[in-house]
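Asks: What TrEMBL records for this protein is below:
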{"type": "DOMAIN", "residues": "44-149", "note": "domain 'Thiamine pyrophosphate enzyme N-terminal TPP-binding'"}
{"type": "DOMAIN", "residues": "241-359", "note": "domain 'Thiamine pyrophosphate enzyme central'"}
{"type": "DOMAIN", "residues": "452-576", "note": "domain 'Thiamine pyrophosphate enzyme TPP-binding'"}
{"type": "BINDING", "residues": "Asp482, Asn509, Gly511", "note": "Mg(2+) binding site"}
Amino acid sequence: MDTNIGSLDSCKPTSNDVCCPANVTVSTIQGSVSPIIINSSEATLGRHLARRLVQIGISDVFSVPGDFNLTLLDHLIAEPGLNLIGCCNELNAGYAADGFARSRGVGACVVTFTVGGLSVLNAIAGAYSENLPLICIVGGPNSNDYGTNRILHHTIGLPDFSQELRCFQTVTCYQAVVNNLEDAHEMIDTAISTALKESKPVYISISCNLPAIPHPTFAREPVPFSLSPKLSNKIGLEAAVEAAAEFLNKAVKPVLVGGPKLRVAKACEAFVELADASGYAVAVMPSGKGLVPEHHPHFIGTYWGAVSTAFCAEIVESADAYLFAGPIYNDYSSVGYSLLLKKEKAIIVQPDRVVIGNGPAFGCVLMKDFLRELAKRLKHNNTAYENYHRIFVPEGQPLKAAPKDPLRVNVLFQHIQKMLSSDSAVIAETGDSWFNCQKLKLPAGCGYEFQMQYGSIGWSVGATLGYAQAVPEKRVIACIGDGSFQVTAQDVSTMLRCGQKTVIFLINNGGYTIEVEIHDGPYNVIKNWNYTALVDAIHNGEGKCWTAKVFCEEELIEAIETATGAKKDCLCFIEVIVHKDDTSKELLEWGSRVSAANSRPPNPQ
């Protein structure tokens, strides 16, 4: 991990692998444009940073103003290609940059020193866990204050300005503290290029008195990055492919399972090529949903152990060989470490490494290269998919409710399913929406995002803001529980200011339902809010907003018709009142297993 204060050693980035969907292009490759000489009065650090952000594909920067970053914000506003979006708090600004990066491949936020930096830290940690390149920019102290033993405001009262830096060191892949102009150009460029190379967040602190000062190093228009691509070791690649082909070709009913690291490896297309060529049954891990096309003819659903979609786990766990591309096995994705998988049957493909069974292992092998080459060497084998097709029974429909009966969650998601198209995207909040949204069948082109590794409640409000800002052509459908919404509700205000047309389903069941199913207690019950009235108050007659509160299926149908018809150009907030014990069966199963994992007694000493 690199930390640089003041001058820094040159770091030559070696890759332009950016964590982004396959249909998004991030401008990191050097073009043929000759460097343009800039008027000396405009050759400033602030302008250079703004231009760099535009070059890498950022059109919107999420910020909270503070006295240490105000001059820098002036320069970001002055950049024609940038839209500065003021958020209600730093946490949501970070979540918005996270959501933006999931669509565009890279995101950015700007906050002030320490009080802002430590507030945004939780969001940056989540982006780190999800392999998202975020540029976290902090307005820092005046350069003259470094090394003076002075005590500054916005600190904990010690003459040590490094507290914020030390906090960011564990959740960013690179840190630069810019407190002199001589090194600023190099430090900024190294930080940004490292974020792109590593697909992780970086931290840039810029002294508050530097952004507006001209300096000769900024006298020319910044040349777009030319980042050398990572390359596979050809001998290692050939050996890995040969060993994997032999392993899989002798299997009777092999399967493929896509994981969340398909995104960072930029291997989604290669995975589909392998699925097409092999004929294997194709499943996706829960955190990989949205990265594997669900309209693929051999797609069998989500593999999530005991809470998998119907008949998927039976096929995966009974296979005599399985290839997992980019998996993350944690206590949540393994349902309390209860997956019935055997290491000797598995090929684990990570972004730059392949492990076959209990060995051998091959390093310096890129996932996308490996999958593409393996597709050429596999015999077609659709046995596992035929077995799935043979045992598959179509899902039943929820029980028909009597007129005006209280609305059930399974009925709600039946109607959300009908809303999905290539022009929509789903954001699922931490909680029961994880499980209900996993069962949605995504049409081709429909986006899907949730934060499974970090699982920070409230993430979805800011992430919805950022994602919707990145893809204005799509209508985002956010499914948020009442407990999570209470954490970050304020930035519905920012959605309105930006003219977004998101549909938010606020699922009001009176508490932290996911926590209830792990370990219940009075702390899981929250104060009920009048959520529609809150959003109406936030709206305050400015912008386009429509709210509804629904208690039964008839009211839900009417609300959805309005949201997709007369109010399709508005932000639509639909509060859905459901029983506090109305949960998916998957959450009940998952909660009991995670509870068992959490409550394991200490090992004997």
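The backbone N, Cα and C atoms fix where each Cβ goes, glycine too.
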Asks: Determine the mean pLDDT over the domain 'Thiamine pyrophosphate enzyme N-terminal TPP-binding' (44-149), rounding to the nearest whole number.
Replies: 97
Asks: Same-chain residues six or more away whose CB lies under 8 A from the CB of Gly511 (Mg(2+) binding site)?
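Replies: Gly511 (Mg(2+) binding site) has long-range Cβ partners Asp482, Gly483, Asn524, Val525, Ile526, Lys580.
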Asks: Other Cβ atoms within 10 Å is the metric here; tell me which of the binding-site residues Asp482, Asn509 scores highest.
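Replies: Its Cβ has the most other Cβ atoms within 10 Å: Asp482.
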Asks: How does the domain 'Thiamine pyrophosphate enzyme central' (241-359) divide up by DSSP, counting helix, then strand, then coil residues?
Replies: 39 helix, 25 strand, 55 coil
Asks: I want the residues beyond Asp482, Asn509, Gly511 whose C-beta is within 8 angstroms of the mean position of the Mg(2+) site's C-beta atoms, in chain order.
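Replies: Those within range, site residues removed, are Gly481, Gly483, Ile507, Asn508, Gly510, Tyr512, Thr513, Ile526, Lys580.
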Asks: According to DSSP, how is the domain 'Thiamine pyrophosphate enzyme TPP-binding' (452-576) divided among helix, strand and coil residues?
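Replies: Within the domain 'Thiamine pyrophosphate enzyme TPP-binding' (452-576) the tally stands at 58 helix, 28 strand, 39 coil.
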Asks: According to DSSP, how is the domain 'Thiamine pyrophosphate enzyme N-terminal TPP-binding' (44-149) divided among helix, strand and coil residues?
Replies: 53 helix, 22 strand, 31 coil
